[in-house]
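Structure first, commentary second.
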Amino acid sequence: MFKKTVPLLSAVAIAISFSAGTGVANAQENASYEVNSPEPKSNDFWWPNKLNLEPLRQHSPESDPYGDDFDYAEAFSQLDLEQVKKDIEELMTSDQDWWPADYGHYGPFFIRMAWHGAGTYRVQDGRGGAAGAQQRFEPLNSWPDNVSLDKARRLLWPVKQKYGRDISWADLMVLTGNVALESMGFETFGFAGGREDAWEPDIVYWGPEKEWLKGDERYSGDRELENPLAAVQMGLIYVNPEGPNGKPDPLLAAKDIRDTFGRMAMNDEETVALIAGGHTFGKAHGAHKPEECLGAEPAAAGVEEQGLGWKNKCGKGNAEDTITSGLEGAWSVNPTAWTTQYLDNLFGFEWEQTKSPAGAIQWIPVDGQASNLVPDAHVEGKRHAPIMFTTDLSLKEDPEYRKIAKRFHEDPKEFELAFAKAWFKLTHRDMGPKQSYLGDMAPQEDLLWQDPIPAVDFELINENDVEQLKVAILDSGLSVPQLVRTAWASASSFRGTDMRGGANGARIALEPQMNWEANNPAELKKVLDTLKGVQEDFNDELSGDKYVSLADVIVLGGAAAIEKAGKDAGYDVTVPFEPGRTDASQEMTDVNSFSFLEPKADAFRNYYAEGNRVSPAQHMVDKADQLTLTVPEMTVLVGGLRSLDANYNDSDHGVFTDQPGTLNNDFFVNLLSMDNEWKKSSDNEAIYEGFDRKTGEQKYTATTVDLIFGSNSELRAVAEVYAMSDADEKFVNDFVQAWTKVMQLDRFDLK
C-alpha cells in the first residue's frame, strides 16, 4: 500500500487550518502565497557528480492513469477519424471571446502548435518530437518560443474531452495541424496515429544555459553547435528570427537555419518548403513590449491561472494586443488561405529594417511600398505592410536557398507537394517505420526517411525449423561471443526516442552500420558471411514459400549462443524467438541519416570511442534509456554480457570469470567480493586492475562501467541481488527476459 508522508510543519499547518474553522480556509483560498514548507535536498545537491539513474525510471507505468491494461492502438481503431476532423474543422472558425482568432480563423495558430510540438525533434539522439505531447509539460509549455500555445491547447480541449482516451493529445495535436492546413485550402500528404501520451516531462538535455534566450554557451570555435542540441538558444525551437543573437544578417542567419534544420533531419529543399509554407499562414504578434505587459509563464503563474501563462495586462490582453514573439505582422495578404503570396512578396519587394511595437527587428518593403496591403487581423478597415523576419530574407539572400525558393515560386505545384511532404516528415519523424502507424490516412508509398522494411511476403519458419536452424548456426564454427556480439550489435542500434534502428531489416549488413567501429567490422564481416551461408543453405532446404531472413538468423544466432552458454554453465535455458523480420536493401537505407545512430559508447560491449565528452557511465545510462531499459535490466545485461565474453574487440575488461562464454553470475560475485581490491592502472588511467587482497596477484582488469556496479550505491544494491547464493535462477531468467526485450524492441508487428 502506498503511504504518502507529510512533513511535520505541513502537518501542523493542516491541523491549525482545521481547528480555526472556515475563516482561515477562506482567507487561504483568496490569498496569493508561496509554499515555504521545507523541501528535502536531493543527493545531487550534495554530490553533483553522482551518476543520475533517473532517466531509467521516467515514464513509469505508475504514472499512467490508464494502467497497463490500456491498449491505445485498439482504442484508436474505434475512432471515426472523419468525424474527429469535422469537429476540429468546426473549431477553426468558432471564435472564443477569451482568445479571439486572428482573421476569424484559428488555423494558423494550430499550425504553430503542431509545428512547435514536432519541431523539437533532433536527429542526433532522436529526442524531442510530437510523440508524448511533451508541449503540455515543463519546460516546453513555458519556453519563450511557445508563448500563447497554452491557449491553443485549451481551445482544443473540448475535442479532446469528447473523444477521451481514443485519441491521445499527441495524435490530436498533429491531426489538428493537418486539419488547419486543409481548412485553408491546402492538400496534406497524410496523417498517421500511434503517438501515445506521456504523463510526465521527458528528461532531456536542452542546453547548458541557465537563462532563456541568453548566451552562447552551446557554441564553440567557429559557431559550432554542441551535440546533440538543435536550437540556437535555450527556449527556442530552431533559430532566432531576428538573426544570430539578434544581429539582422540574413546570410549569417542562413547558416543557423541550415544547421538547426539539418539537425532536425531536414535538407535544404525541405527547409525552404517548411519556412515558406508555414509563413504563408497567420501572423506574428508583438503589439507591445513583453517585459511591460506579460505575466509569468505557465510554470510560474499562480494557481488561479489554471495552467495558463503570459497574462497580458496591456489593452485587451488579446486580439490586436496579443504578444508572442515580439515581432508583429503577416507575410501574406490572405493569411488564412494557401497561396504563393509569401514567395510573391519575398521576391517582389526590396526590404528595409524596421522595428515592431515591441522593439523586435523585422523587415518591411522599402519606401513605404505596400503599406496598406495586409488587412489587420482584428480591426476592420485597418491595414498594414507585409513583413519578413531576418530568417525569411535568408531564403532570398543565401544562394542555395534562393535557387530552391525561386523554383518553388515558378512552379507552385512543386512547392505545394514539397511543403506537404516536408510537413508530413516534420510531424511523423519520431514515429519510426510505417509498421508503427495507426489509421488509414497515411500515404502508401515508402519514404526513405521512414527507414522502410519490406513486408513479409513468405511463410514463416515453424518451431521445428527454428530448432534445426539453431543447430546449423552452432555447427557453423562461430563462437558464442561472436554470435552474441553480432546479435547485440544489430538489435541494440534501436533508439526508443524515435523508434529507429533495431534488428529488423538486418541493416547491420549494410552501410553505414557494417563499418561502425563499435561493431568491429573485420570480425563482423566474417560472422555475417558465415550466417549468410547458413541462411542460404537452410532456405535451399525449405519447401514451398517458407523462408528465413538474415535478420532472423542474426537474432536466432544470439539466442542459440545464449542457450548453449547457459547449458555449459549448468542451466536449461530457452530464449524466446519470434520469426518475422525481413531484410532491407542498401537502396532502402539513408546512409547519412543512419550515421547518427552510430554508438559513441556502448557499456554493454565495454566500448568507448576516443574523443568523447561524456563519461562512460553517463553514456551507459543514456544507452540504456534509448533501449527503454530499467535499472535492473541494465544491470543484469551488463553482467551477463561480461560473462558471455561479448566485449568489443575481445577485450577482457570486466570478464570476472574463469569460464568466459558461459552464462553465469560471476561478474557480480567477483565484483562485490572483498577478496579483491581495485587500483587505477599506471599505464592507462581509464583502466582499473583488480588484485587478490591476500596474495597481491593481479586477477582482473575493468573499466569505469564495470566498477560502477560496485561503487554506486543504487547499482550495488541491484548487483547484490545477482551476487547472492540463491541468485542463479533469477539471474538467468532476468538476463534472458531483458535480452529478449532488446531483440524485439523494433517488432512493432508483435505489439
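Every residue gets a Cβ built from N, Cα and C, even glycine.
Taken from Swiss-Prot, the feature signal peptide covers 1-27.
Remark: Arg112 (site 'Transition state stabilizer') has Leu149, Ala152, Gly282 as non-local neighbours, by Cβ distance under 8 Å and separation of at least 6 in sequence. If you look up Swiss-Prot, you'll see Arg112 marked as site 'Transition state stabilizer', on the strength of sequence analysis.
Around the Cβ of His116 (active site, proton acceptor), 21 further Cβ atoms fall within 10 Å across all displayed protein chains. DSSP assigns His116 (active site, proton acceptor) to a helix. What Swiss-Prot records for His116 is active site, proton acceptor.
Swiss-Prot lists His279 with the feature heme b binding site. The C-beta environment of His279 (heme b binding site), restricted to residues of the same chain at least 6 apart in sequence and closer than 8 Å, consists of Trp331, Ser332, Tyr342, Asp392.
Mapped onto three states, the DSSP output places His279 (heme b binding site) in coil.
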